[in-house]
Amino acid sequence: MAPITSSRVEFDEIPTVVGIFSAFGLVFTVSLFAWICCQRRSAKSNKTPPYKFVHVLKGVDIYPENLSSKKKFGGDDKSEGKRKAAVPNLSLHLDLEKRDLNGNFPKANPKAGSSSDLENVTPKLFGETEKEAVSPESLKSSTSLTSEEKQEKLGTLFLSLEYNFEKKAFVVNIKEARGLPAMDEQSMTSDPYIKMTILPEKKHKVKTRVLRKTLDPVFDETFTFYGLPYPRIQELSLHFTVLSFDRFSRDDVIGEVLIPLSGIELSDGKMLMTREIIKRNAKKSSGRGELLVSLCYQSTTNTLTVVVLKARHLPKSDVSGLSDPYVKVNLYHAKKRISKKKTHVKKCTPNAVFNELFVFDIPCESLEEISVEFLVLDSERGSRNEAIGRLVLGATAEGSGGGHWKEICDFPRRQIAKWHMLCEG
């Protein structure tokens, strides 16, 4: 009987051993899987992101060939001078010791300079390399102004263009602007910044930082666009919009500059340019386009159905090309907005088709104190959207808006659609 008892004990210990080995195997498998996931994640983080363009601020050089997870901060004055002389610098470097709140280096002479002082500063600013050449078109721009433009001077934009053949990169450096008008009547100054768009595709929209309370902003910001063959440069145009930031409303447009690149030779090196800032395209105010809307008042449910159908003949937002329109619908009761809706954005079209329906609950039994406002806006990524046109339907509305509203009130439960001319927003 003794051998039989020992064999039973051995059989009882086998499940325990198997369970222990299974637990160790499970822990090892989970640890191995976690290690593999960490390795893959770290490998992905070290990969260089595919930049379409590179933005270089003053003292900050970013190039996609040599980006790493380590960032170097600080640096002495000697190395700072070497970096400026040898651009591009293949590292991410931020020198934050000697900058003000706007990111500018403090000037040695903060006193307000006279016209002779400005003349002395000019050759220092633009005497950078021996290969740099001043565009002949920039010399003509100062003499080709009309009498109206001379009466209202909007300032001058200074920039440089360069093409890097080794990297197939187009480099635009926005240096500064001078003599901008004051957009703030109280402080008699502006908060300027510049938006740049490459035409005709409008794929690349970039902008500088905002500089506070200055009429002579020094940006010194570089935008590098990779993957542009040199023959393609001749087909493009650069559009610059100079604006003044406004915290409480839409930013004020100071003016614009359009530079066609056809005929500009960049094979000899960096080219410096000066352009007079002109008024925004005046064609925009000649016609705002039309909007087709359909409305129906349901007296039984006390609701108003609004359908935004189409828009046609919408103007260009500026000389940069077609707008990206959408419609914002606001419902007012006794001149107080009680509800708002908006359509989807339609890309790059003057004749948009929306076909979107909205239902509003009316807080009163009649439409006497109700009005509907339609705002057609141009969607701008990274900045405030600009109004293309406006339409108001209501009892006190003028023109076709008042007539359309009267029909809606006279014929409830009937969907009534009409085209309306848009007015200035």
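Each residue's number is its place along the chain shown, starting with 1.
Note that Cβ sites are derived from N, Cα and C of the backbone, with glycine treated the same way.
No curator has checked TrEMBL annotations; they are predicted automatically.
Bear in mind that the values here come from a model prediction, so they are computed numbers and not experimental data.
Taken from TrEMBL, the feature transmembrane segment covers 20-38. Counting only same-chain residues 6+ beyond the ends of the transmembrane segment (20-38), none has a CB under 8 A from a CB of the stretch.
Look at TrEMBL and you will find 127-147 tagged as region 'Disordered'.
Among the features that TrEMBL reports, compositional bias 'Low complexity' is placed at 137-146.
The domain 'C2' feature in TrEMBL is assigned to 153-274 (among others).
Broken down with DSSP, the domain 'C2' (287-420) shows 11 helix, 69 strand, 54 coil. What TrEMBL lists as domain 'C2' is 287-420 (among others).
When averaged over the domain 'C2' (153-274), pLDDT in the model lands at 89.
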